[in-house]
Amino acid sequence: MREVTAEIRDLEILIDDAVHEGCVTSENRTRGFAAKLDETNPLGYLRGHYFIPKIKDLVKQFDDENKEAIYFNGNSLGCQPKATASHITSVLENWKVKGMNCHFQGYLPAALCDEEIQNLILPIVGAKAGEVALMNSLSVNLQLLLLAFYKPSGRRRKIIIEKHAFPSDYYLVASRIELAGLDPDECLMEISPKEGRHTLDHEDILHAIEETGDELALVLWPPVQYFTGQVFNIEEIISAAHNVGAYCGLDCAHGIGNIELKLHDWKADFAVWCGYKYLNGSPGTVGGAFLHSSIDAKTLIKSRGWWGHKLDSRFKMDNNWDGSGGISEFRLGNPPPIQMATLVAPLELFNRHSMSQFEAVGKLLSGYLISLLRAVVGSRITFITPHTDVDSRGCQVSFTLTSGKPEPKAVFRDLREHGVVCDFREPGSIRLAPVPMYNKFTDVFDFVNILKNILHPE
Ligand SMILES: *Cc1c(COP(=O)(O)O)cnc(C)c1O
C-alpha cells in the first residue's frame with residue numbers, strides 16, 4: 001500500500017487556490033486547469049485499469065466512436081476492471097481441467113475461494129482478521145444479522161433507522177420486528193430531518209438514541225446515506241447506542257470504497273455491504289458482513305448451514321454442529337467462485353493505496369464539482385448533499401434542479417444524450433458520484449459545462 005499524501009496535498013492546494021469563494025477566475029475555469037488537476041492526481045493512473053463505457057454504446061446516435069461517457073454512477077454499479085475477465089476465465093479453466101478437484105486445488109479453489117481473498121477487504125473496511133466473511137447479497141446478510149442482533153425482551157424492543165432508509169433495509173427491519181411477533185408501528189423508529197431539510201442533524205440522532213434509552217434494542221445506520229450522500233459521525237452514533245445498552249449495526253452499501261471505514265475501532269457490532277457499487281465487483285456479486293471480534297458468535301441466534309461448520313470436520317457429515325467461530329459461522333452454503341473472482345481485480349486495485357487516500361481524492365472531486373456547480377449554474381440548483389461541510393460528504397453529490405425551463409426531467413434526458421451517466425429521481429433530483437477510483441477532474445469540468453449549456457443554451 002503506497003501512501004501518496006504529499007501529492008494529494010498538492011492537488012488540494014491547487015483546487016483550494018482555484019475555487020476559493022470569489023476567486024473562481026476565468027483562468028481557473030478552463031478545461032486546461034481541470035486537465036492539470038488530472039495530471040497532479042496521484043490516483044489518476046487507476047482509471048487505466050478500468051473499462052469506461054463509450055457514449056456510442058449508451059446513446060443511439062453518436063458519431064464519435066471512442067468518446068467515453070462521463071460515468072458518475074459508480075455509487076450504483078461500478079465500472080468493470082480490465083483484469084476481471086481473466087480472473088473469471090481462470091476459475092472456469094480450473095473447473096474444466098480439474099473437475100471435482102477444483103474444490104481444493106488450483107486458482108481460487110472453489111471451497112476456499114472466499115477465505116482466499118477476504119484479507120483484501122480488511123483494510124477497506126477497517127477490520128481485523130476473522131471479522132469479515134464474503135458471502136450473499138447485502139440484503140441476505142442484513143437478514144442474517146438482524147436475526148442475530150434483534151433480541152427484543154421486556155421494554156427493550158425498538159429499532160432506530162433513518163427516515164427514507166433504502167427500501168430493502170426498511171422492509172428487512174420491519175419484517176424482522178413482525179417475525180418477533182411485534183408491531184413495526186410501535187417498534188420501528190425513523191429519525192427525520194428537521195422541517196424543510198434533506199439531511200439529518202447529528203445532535204437529533206444522538207438525542208433520539210438517548211431518549212429511547214432502555215427501550216432501544218438496535219440502531220441500524222449507514223456511514224453514508226445512499227440518497228443524500230451525507231456522511232455521519234458513526235463512532236459517536238455507535239457509542240450512543242452502546243451507552244443505552246443497545247447494539248449498533250452498519251449498512252455500508254454507500255460507505256465501502258467511498259470513505260474510510262473503521263469497523264473494528266468504531267466498535268460496530270456488525271456491518272454489511274455489497275460488492276458491486278464503489279467496489280466495482282460485477283452486478284449482483286457477493287457482498288460481505290462484519291462481526292466485531294469482541295462478540296462471541298456462539299452466543300448469537302443464527303440459522304446454521306453446513307458451511308458455518310469448522311472446516312476440518314465439515315465433511316464428516318455427522319450432524320454435530322461445531323461452528324467455525326466469528327462471522328464465518330454465518331456462512332450457510334458453498335461460496336460462488338465465479339462471483340468471487342470478480343472481486344479480485346478491484347480489491348487488488350483498492351489495496352494499492354489506503355482508503356484515507358481514496359477518501360481524500362473523492363472529496364476533492366466532489367468539492368471541485370460543488371464549486372463549479374455553484375459558480376456556473378448556482379441559480380438553478382439546490383444542494384441535497386451537505387455541500388459546505390467536507391466532513392459530511394464523501395464523493396457523492398446530490399442536488400435538486402429548481403423548477404423552470406427546461407423541466408428537470410428534460411434536463412436529465414439531455415444529460416444522458418450527452419453521455420452523462422447519473423441517477424434521476426422525481427420530481428427533480430440528480431445524484432452524481434465522481435469516484436476516486438476512475439473519475440477525472442475533466443469529467444467534472446465537462447459535466448458542469450454540459451449542464452450549463454442545457455440550462456442556459458446560447
Ligand atoms: C444498494 C443497497 C442495497 C442493495 O442490497 P442488495 O441485497 O445488494 O440488492 C441495500 N441497502 C442499501 C442502503 C443500498 O444502498
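Keep in mind that glycine also has a Cβ here, set from the backbone N, Cα and C atoms.
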Per TrEMBL, L138, S139, F166, P167, S168, D169, D251, H254, Y276, N334 bind pyridoxal 5'-phosphate; matching candidate in W95, W306: W306
Residue among binding-site residues F166, Y276 with least C-beta crowding, 10 angstrom cut-off: F166
Where the C-beta lies under 6 angstroms from ligand 1, the matching binding-site residues among D251, Y276, N334: D251
Collapsed DSSP category at N334 (pyridoxal 5'-phosphate binding site): coil
Number of other Cβ atoms within 10 Å of the Cβ of D251 (pyridoxal 5'-phosphate binding site) across all protein chains: 28
Helix, strand or coil at K277 (N6-(pyridoxal phosphate)lysine) [DSSP, three-state]: coil
